[in-house]
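> Mind having a look at this structure? Questions to follow.
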Ligand SMILES: Cc1cc2nc3c(=O)[nH]c(=O)nc-3n(C[C@H](O)[C@H](O)[C@H](O)COP(=O)(O)OP(=O)(O)OC[C@H]3O[C@@H](n4cnc5c(N)ncnc54)[C@H](O)[C@@H]3O)c2cc1C
């Protein structure tokens, strides 16, 4: 479970304490604010704050005085135009701040996205919880034989059981040692190791937490990379929850993102030529395409 009953009660109280505002609000996002969405076995994402809505993107693009909204259909057309032509700065006018609880090895991939603001739970100041990510059996797969950065066949039976046992045992033993190193004992004169040092034996599947703030343009960049099927499952599930949140927050911008980025394919100049030659009836092969074997494999995967 990602949250204690006390933490859930705190969130419910926060949602009760509404205050009127002159600021732009998004009904879809208001419905999500503060609520925790469970991810993996102990993880979560919850929106702490946000700024802007679809109209705010148009307002910035038009540099308007008022709310900037024309007809909703005009806004939709403008947002699609901006997305299609990589006119990205109006999307930077919207921001989101989320609280994320995630395994350290996922955090390590996530933190590579530099265009965000982060404040992480301090394991120098506080003691980490005994919470470790243990994959569900349907995620326990062997190394892929075709993709060096991927998974293949599922582990089964005794092998799967042994892997799960090892993961649990290692996590519990490491945490027992962490606690042991931390704990002072007046009777024996044991001082207890500093938190900033004791943490170093903990495995990368322990959970950490942070507040993460990012603008919509850079969030879309994050989602394009991390909601993609090539992203590791454990970060992809977080990206998918964020996609659902963004869909409710800025439905028109999300629709344009889904159309022009998430579901889109970029075509190299060589691939464009091959497509034209195929449309003209020519049977193009890898040898006559001018593409490398890897490029050709990816091209055929996409276009048949
Ligand atoms: C499937 C996948 C596999 C990956 N594998 C590896 C791997 O094996 N090893 C590894 O190290 N990483 C790996 N990465 C991480 C990847 O290389 C990027 O670091 C990560 O996706 C963040 O992307 P970004 O730099 O575009 O994002 P951000 O840091 O959010 O930056 C957004 C954009 O801002 C600009 N920008 C930001 N900071 C700078 C800067 N300092 N200088 C210039 N421009 C800047 C760039 O245009 C950048 O694209 C992988 C990522 C994915 C999605």
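Numbers run from 1 along the shown chain.
Keep in mind that glycine also has a Cβ here, set from the backbone N, Cα and C atoms.
From TrEMBL, here are the annotated features:
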- 226: active site, involved in ionization of N3 of dUMP, leading to its activation (ACT_SITE)
- 89, 112, 113, 114, 120, 215, 216, 217, 221: FAD binding site (BINDING)
- 109, 110, 111, 112, 120, 121, 122, 123, 124, 199, 226: dUMP binding site (BINDING)
- 1-24: region 'Disordered' (REGION)
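For each listed feature, how buried is it and what is near it?
For the recorded site, residue 226 (active site, involved in ionization of N3 of dUMP, leading to its activation), the DSSP three-state label reads helix. A simple way to gauge crowding: the CB of residue 226 (active site, involved in ionization of N3 of dUMP, leading to its activation) has 23 other CB atoms within 10 angstroms, across all the protein chains here.
Taking Cβ-Cβ distances under 8 Å and a sequence gap of 6 or more within the same chain, the neighbours of residue 221 (FAD binding site) are 113, 115. DSSP gives residue 221 (FAD binding site) a helix state.
Non-local neighbourhood of residue 124 (dUMP binding site): 194, 195, 196, 199, each in the same chain, at least six residues away, with C-beta under 8 Å from its C-beta. Reduced to three states, the DSSP call for residue 124 (dUMP binding site) is coil.
Helix, strand and coil counts under DSSP for the region 'Disordered' (1-24) come to 12 helix, 0 strand, 12 coil.
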> So which binding-site residues out of 89, 111, 122, 124, 216 are up against ligand 1, CB under 6 A?
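Listed by sequence, the hits amount to none.
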> Nearest to residue 216 (FAD binding site) by Cα distance: which of the binding-site residues 109, 111, 122 is it?
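That would be 111, nearest by Cα distance.
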> Out of 89, 109, which of the binding-site residues is least crowded by other Cβ atoms within 10 Å?
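So among 89, 109, the binding-site residues given, the one with the fewest Cβ atoms within 10 Å is 89.
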